[in-house]
Amino acid sequence: MQMPAMMSLLLVSVGLMEALQAQSHPITRRDLFSQEIQLDMALASFDDQYAGCAAAMTAALPDLNHTEFQANQVYADSWTLASSQWQERQARWPEWSLSPTRPSPPPLGFRDEHGVALLAYTANSPLHKEFNAAVREAGRSRAHYLHHFSFKTLHFLLTEALQLLGSGQRPPRCHQVFRGVHGLRFRPAGPRATVRLGGFASASLKHVAAQQFGEDTFFGIWTCLGAPIKGYSFFPGEEEVLIPPFETFQVINASRLAQGPARIYLRALGKHSTYNCEYIKDKKCKSGPCHLDNSAMGQSPLSAVWSLLLLLWFLVVRAFPDGPGLL
């Protein structure tokens, strides 16, 4: 086995051991879902990856954002709060750069509006709940997205931010994360079913942090498109990893005790989108053909090394089904 693969296996083992430690810390809770849904491919979710139209979307943001602020006061207030916080952090950057715990510098192409969007999403406000509820329905039709989805700017900026943060990560780029949900038990279609999480899904690198959000359903997830956003969150102690709505997963194990929580273990498969560049197509492609890059639309298989890591994780889950770190 090559040394990088061996080191990756070691890192996974260390991560699993850390998950078994019972360490607690204060955390601000954010309810993630408001209704019960089956865990499936979430076909009504709006899953645009903006392949081939990122520059055109960026150019359209000023007018689009102004219009959306007028339609949603919660969105406008959260964005204002996040903008203020981002400016404060930028002013403190010289001080942070001397600290051993300083955040990593943003990746190439990461702009201020990406940082503001992530801060707005993680703020202790109703925005993330309203936004994800809208994302889960905006893909029911192209017309519904164009005429009724009032978070086009936020969806684009979060999507592009995760793409940039993901491309800027050092290997390994996949992460073992945990996700706790309060007041809702998800029901997967069955073992080995292919599913998506339906919206922008918050998870944590720390098992204990995820528990604070609930245990009615508790996920163990291998994500390869989710990106750590600790340095762009109002609550860095959560060690949050944000997963985009177009990442696909395979259900490798699921259980539900009679009076206990549902436990679901997912491994990354790739990505799948029904939509691409819908806003730009509507605004600029009516008078003639558009040439957009659709390379990001389909499924992308995992590497052999990551498949081996996922197998190792599954074996640990099977060996310790009731371990406190794998709830």
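Here the Cβ of each residue, glycine as well, is placed from N, Cα and C on the backbone.
If you go by Swiss-Prot, CYS174 shares a disulfide bond with CYS224, out of CYS224, CYS277. Of all residue pairs in TYR121, ARG179, SER233, the annotated binders of NAD(+), the farthest apart have Cα atoms separated by 17 Å. The 10 Å shell around the Cβ of CYS174 (disulfide bond) contains 23 further Cβ atoms across the protein chains shown. Of the candidate recorded positions, TYR121, CYS224, SER233, GLU240, the one lying closest to SER202 (active site) when CA atoms are compared is GLU240.
SER233 (NAD(+) binding site) and CYS174 (disulfide bond) have their C-alpha atoms 20 Å apart, to the nearest angstrom. In terms of C-alpha distance, the listed recorded positions CYS53, ASN65, CYS174, CYS277 place CYS174 closest to ASN253 (N-linked glycosylation site).
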